[in-house]
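Read through the structure below, which is laid out as structure tokens, and then see the notes.
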């Protein structure tokens, strides 16, 4: 009779717990938010946060109408739980142990792992002890008896450790737990429980992985998409077998991972990343106030043609693109033209009207060159002789004839300013603004004024921004102008005049010996030779 009453009592408890679990299972799913992580070209991860139940409901995930067969489910925590992360809010699912052996619910091991920790300590202690085994054996179902205490003790077992022995079903087992319940919570329960099921390798990482989302109390569903062409904006639905469902619209982010910039003369700009479009039309791209004409577009690359320009901070606007952001999640996208590159600077620091030659890339026609003295005085290289995107030649003003005083070693600055908005920008600002460049020029110390004058005549002090070897003085004299050029003109004129006289005499001599036709042919050939050997521009400049 006593056994019958005990069985009836246990039956009522089990039915009550089943009723509560079924009541919880009747709650409809709720999608709170949808996030995504771009790991392309490997995979694209979609994360659904909300309140879901995977047990006894047949949870189904659909994306764009297609069922997702492979997904990961992570159970969240109750917000008011202050204990260890293993404590989860629904330990009642453990009442139906047959459900846990079903392979379909293998993704719910995170909840199974959490339900093992709240189970009372008498179960692990009842196995090694010999005396209390007789009392649990009379209760017949050992798997059901541990589920009875979780319903009544799971809320109260967390604040204090003393109520755990008082909630045991039989008074005979109280002596053993009181002496053994203190050490087991730190030593025995975790190894015995983790070694019990074969699924423990799966739930062990789950309490730590959703730690950031678990703190918000949300359940997590994750699934991956490996083909970028399958990623579109659309509806994601979580549904149960009983017909309850929850849907939310998903819109992926287009991420610009890198930008291949063009030079100052204009060219092709290429955006690389993961791009998702609102429709089938090509995107419309605008950089600053300039339209970048679209050439090609795909889900991994966008190419457009941009006209000439320079500088940084141009806003990028791409229409027909879903949520364009950069790698850091910033939606304010900016573009910079390729920086001007100075390969070499050639000039003479002590000569009047010296020519400064700058060789590099990405120059503008309206670029200016400023030479700055150590005392802060600046001189413009104002007389521009040649200006292209790769070469800039200018003549230094007359007032700038000494960069450093004799017998001292100073470092002067040659600042190449590309499209400068303000010619009075300080050196510190110039170094920080994109599009501005400074070259440090080391000057050699002069021992005497005579040595300094010798340097002026021979051109030994050459400016070289990259520390390369100096150009030969003969080549330098050609660029500097002055007396050296006059000597060169004389050396060219005298041999040329002699050559013309000799050629004329030879022509007259040939005319007297050869026929008139052959003489005319020889005269034409001589005229061709003269036009090749005589530098016409040099002669023209001297005569004028």
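Cβ coordinates are placed from backbone N, Cα and C, and glycine is handled just like the others.
Swiss-Prot assigns the feature region 'Disordered' to one of the listed ranges (407-443, 444-480), namely 444-480. Listed glycosylation sites: 224, 332, 380. The one with the lowest count of other Cβ atoms within 10 Å of its Cβ is 332. Within 10 Å of the C-beta of residue 308 (N-linked glycosylation site) we count 16 further C-beta atoms, all protein chains included. Here the CA atom of residue 332 (N-linked glycosylation site) lies 28 Å from the CA atom of residue 224 (N-linked glycosylation site). Across the structure, residue 332 (N-linked glycosylation site) and residue 308 (N-linked glycosylation site) are spaced 23 Å apart at their Cα atoms.
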